[in-house]
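Trainee: So that we are looking at the same thing, I have put the structure below in structure tokens.
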């Protein structure tokens with residue numbers, strides 16, 4: 001148990017370090033990209049910079065929420081502040097949607113009123129973005145199941161791809177002189193980010209509404225409970241997210257015997273934890289034919 005706690009503590013510190021480095025790298029690059037994008041008149045660069053700015057804010061939110069999860073529970077907040085990670089993911093998704101709507105509006109305006117853009121400047125600045133965003137994505141790209149960390153990885157990986165698309169647009173403008181390529185590239189940026197954001201928004205909203213997290217298979221949980229020895233039936237099964245990394249479960253289980261109750265609880269909880277990935281488990285054991293008043 002102590003070894004497991006040490007590993008979890010080490011993992012949390014590593015995640016905090018990754019957020020710190022990711023925030024530092026992207027803040028510096030975003031400032032440079034926004035200033036140079038305005039100087040050369042590239043909507044695609046400004047669009048990418050605004051998106052990166054929202055990512056920086058998202059990283060800060062996720063980082064702060066991850067730190068708050070370490071706060072100890074209180075009499076009022078019995079789970080501590082673990083739920084802040086869900087709020088951070090939800091706010092992050094909403095900020096991205098707003099930023100992309102503004103980008104689409106500006107790109108449409110540029111399509112109707114095209115302006116000259118310094119193609120090589122776009123290529124060089126966006127090329128740097130491929131490196132910065134790619135490096136940041138690698139910080140979070142180790143298969144972490146936390147929605148905050150997974151969202152950070154997906155955003156940074158998408159940013160690297162989007163910056164690559166801007167590079168291609170810049171080269172096309174140099175070769176052909178087509179000014180409309182720049183706003184079209186910004187529309188591609190917005191479309192890619194909105195598509196990515198939808199999954200994050202859906203998952204965060206479901207978690208905020210106490211829905212079963214997508215990573216949990218309710219049918220599998222039911223099967224694990226039903227097939228545990230001495231279980232006759234169960235009711236009042238509820239599964240919800242405490243944070244983006246922790247899931248809770250409560251259930252009433254009816255047994256056909258009073259024997260070895262403690263061993264039964266340990267075994268069932270271990271099965272649910274190991275097979276279903278649920279961390280906080282509360283089981284109430286019942287006997288006889290009491291059907292309960294709150295079956296769901």
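Note that Cβ sites are derived from N, Cα and C of the backbone, with glycine treated the same way.
So TrEMBL says this about it:
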type	residues	note
DOMAIN	23-205	domain 'Cation efflux protein transmembrane'
DOMAIN	213-286	domain 'Cation efflux protein cytoplasmic'
TRANSMEM	81-105	transmembrane segment
TRANSMEM	117-140	transmembrane segment
TRANSMEM	152-178	transmembrane segment
TRANSMEM	184-201	transmembrane segment
Trainee: Tell me if the transmembrane segment (117-140) touches the transmembrane segment (184-201). I count contact as 3 or more CB pairs below 8 A, with pairs 6 or more residues apart.
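Mentor: The transmembrane segment (117-140) and the transmembrane segment (184-201): touching, no.
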Trainee: Which sequence positions outside the transmembrane segment (152-178), separated from its termini by at least 6 residues, show Cβ-Cβ distances below 8 Å to it?
Mentor: 19, 22, 26, 44-45, 48, 51-52, 55, 58-59, 62, 96, 117, 119-123, 126-127, 129-130, 133-134, 136-137, 139-141, 144, 184-185, 188-189, 192-193, 196, 200
Trainee: Just to be sure I understand, if DSSP states are collapsed into helix, strand and coil, how many residues of the domain 'Cation efflux protein cytoplasmic' (213-286) fall in each?
Mentor: 25 helix, 27 strand, 22 coil
